[in-house]
Amino acid sequence: MGLPRLLVLALLAWGRVAAGGAETIGNSSQGFLEFSVGKFRYFQLNGSFPEEAILRHISSNVTFLIFQIHTQYQNTTVSYSRTLLPSTSGTGNDKGLVSILRPEQSMCTWYLESAGGNPVQSVAIPLSYSERDPIPGGCNLEFDLDIDPNIYLEYNFFATTIKFAPANLGYARDAPPPPCDVGTGQESRWRLQYDVYQYFLPENDLAEDVLLQHLQRMAQVSQVKANAMKVVTLTANDKTSVSFSALPGQGVIYNVIVWDPLLNASAAYVPVHTYACRFEALEDSCASLGRVSTKVFFTLFALLGLFICFFGHRFWKTELFFIGFIFLGFFFYILITRLTLIKYDVRLILTAAAGSVGGVLLVALWWRFGTLGLCLLCTGLVLGFLSSAAAFFTPLGNLKVFRDDGVFWVTFSCVTVFIPVVFLGCLRILNILTCGVVGSYLVVLAVDSYKYTSLSYITLNVLRRALNTDFRRAFTNVPFQTNDFIILAVWGMLAVSGITLQIRRERGRPLFPPHPYKLWKQERERRVTNILDPSYHIPPLRERLYGRLTQIKELFQKEQPAGERTPLLL
C-alpha cells in the first residue's frame, strides 16, 4: 500500500472521529469488533455469521451498560449469546440491550448479525451508567426482553406512535433490583419522569450516512437535551405511549430520557427513527412518494389558484366556481373516505367531479338569484378555514385542551366564522384577501406534491383530524427548515402582489358585478320594445331552429344537374 493511499485513509478516519466521536479502527479481521465506552463505531455486518462485539476495561463504578446498534432500514439482531432467543435478543433498525454487570466484571460481550442475510452498514455504541441512574425498561411487562431499553415505533398515513417500557431505579452491582410494583411512593420507581424528545433530519435528505451521523446526537443524555426538542413529559401514572403526526419522506428521530428527580440522575433509551415510508416498497417508496394523480390534480388546481390570486375579483364567476369547488370537494372527500374503501386515485377523480358540480351550482345560484351575501359568506368561510388551520398549525394546536374533539371543532369553527364577521363592512376587501391568500396557497400544495414542504400540513392536519378519530392524540410538530422559509416567502410574495394588484385595479369601479339575471331580463325587454334595435327583427327561437335544420338537410341533398333533360318534341 503506497504512502498517498495511507494518508487518504488516515484523513478519512480522523474526519469521522472529529465529526461524531466514532471509532473506525477495530479488530473485525480477527473475528470480533472492539468498542470503547461512549464512542461510536461504523462497520459493515455480513450476513454469513454473527460478529462478536467486545467492550474491555469497564470501570468499577459502572453498574449497567446499554449497547445499541442502528441502521437505516435493514434489520439487524443484537443478542447476549450466539443462540438467538426472543428473551435474550432484539431485531430491528434501532435495537439495544441492557447488560447488568456482576461484581468485579470488567468485560462485556454482545453478538451482532444481519437479520436479512445481506451486508448492512451500521453504527453502534456502548454507554455506561452508575448505580444512581435509572434503568430504562427495567420494569418491562409488555415486551420480550426482561429489561427492554428499546422504543417501539409504528406508523400509518395519519400518525407515528412510539411505545416504551417503564424504567426502574438504579442499584449497585451486588444489590438486588428494586421491586417494580410494591408501592407507589417516592421511594419506588413511581417517582420517575419521562421526557420525550423529537429531532428532525434535514428535509429531502434520505442519505444513509446523514442518518447515521445525526443518530449520534440522540444517543446520550447531554446530546439529546442539547440538540432535540422536548415534546412532552410523562409521569409514572401516564401511559408510556406518545403519538405524532406522520411525515412521509421526512426523517425523524425519537428518544426518551428517564429522570430521577430525587437523585437528579438521568438515562436515555435507545433512539428510534422513521421516515414514515418504506425504502424497499415498489410503489410509494420513500424515494417516490408523490402519486401521478396527486401531481396532476394539484398542478391544475394551482394554475387556477394563480389566476384567482391576480384576477379573481375581476372574473367574479370564475372565482365563485373556485370557491364552490373547494367547498363541496373538501366535504365530499371526507365523506367518501370515511364511508367507503375506494382507492385513492378513484377518490381523487370523484372529488374533482364533485368539486366541479359545487362550483357550477354556486355560479348558477349567483346568476339566477344574485345572492351576494351567500356567495361572500362562502368566500369568507374559505379564508376563515385557512386562517383557523394556520392558527392550529402553531404550538397552540398541541395544547392538551384541544385533544378533546368537541373543544377543538367548536374553537376551529368559531375562528372560521369570525373572519367573515370581521369584514362585514368591507366586503370587497374580504373577497380580494381570499383571492390572494387562498389562491397563492394552492401553489404551496402543488410544490408539496413534487418536493416535501411542511407548509402543506397547515390544511393536511385538519383533514387528518376529520378523517381519523385517533389523530386527536397526535402532536403535530413539523420541521421548519430552509426549504420552508423559501416557500413561505414565495407564498407571501404571491399573496401580497395579488392583493395589491387587485386593490389598485378595482379602485373607482363598482364593488361587485350587477345581478346577471336582472340584466338579462332588462335586455330582453329592451329588445322587445325597441323597434329600431336590429335584434327586434330577429325571428323567434322556434323559427330560427327550424331554419337551421333546413340548412343542415340541404347539405345532405344531392345536387340537381342544370339544363334540359327531356327530349325535344319535333
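Each Cβ is built from the backbone N, Cα and C atoms, and glycine gets one as well.
Residues or ranges marked as signal peptide in TrEMBL: 1-19.
Summarising the annotation, TrEMBL assigns transmembrane segment to 296-313 (among others). Distant neighbours of the transmembrane segment (296-313): 319, 322, 348, 352, 428, 431-432, 434-436, 438-443, 445-446, 448-449, 494-495, 497-498, 501-502, 506; these residues of the same chain sit at least 6 beyond its ends, with a Cβ under 8 Å from one of its Cβ atoms.
According to TrEMBL, the domain 'TM7S3/TM198-like' annotation covers 299-503.
Sequence-remote contacts of a segment are chain residues at least 6 beyond its ends whose Cβ falls under 8 Å from one of its Cβ atoms, and for the transmembrane segment (320-342) they are 304-305, 308, 312, 350-352, 354-363, 366, 375, 378-379, 381-382, 434, 438-439, 463, 466-467. The transmembrane segment annotation in TrEMBL covers 320-342 (among others).
Panel annotation: around the transmembrane segment (348-367), residues 293-294, 297, 316-317, 320-329, 332-333, 336, 342, 374-375, 378, 516-517 of the same chain, lying at least six beyond its termini, place a Cβ under 8 Å from a Cβ of the stretch. The transmembrane segment annotation in TrEMBL covers 348-367 (among others).
Look at TrEMBL and you will find 374-394 (among others) tagged as transmembrane segment.
Sequence annotations record features per position, and here TrEMBL assigns transmembrane segment to 406-424 (among others).
Sequence annotations record features per position, and here TrEMBL assigns transmembrane segment to 485-503 (among others).
Counting same-chain residues at least six beyond the ends of the transmembrane segment (374-394), those with a Cβ under 8 angstroms from any Cβ of the stretch are 319-320, 323-324, 326-327, 362, 365-366, 402, 408, 412-413, 415-420, 423, 427, 430-431, 433-434, 437-438, 441, 457-459, 461-462, 476.
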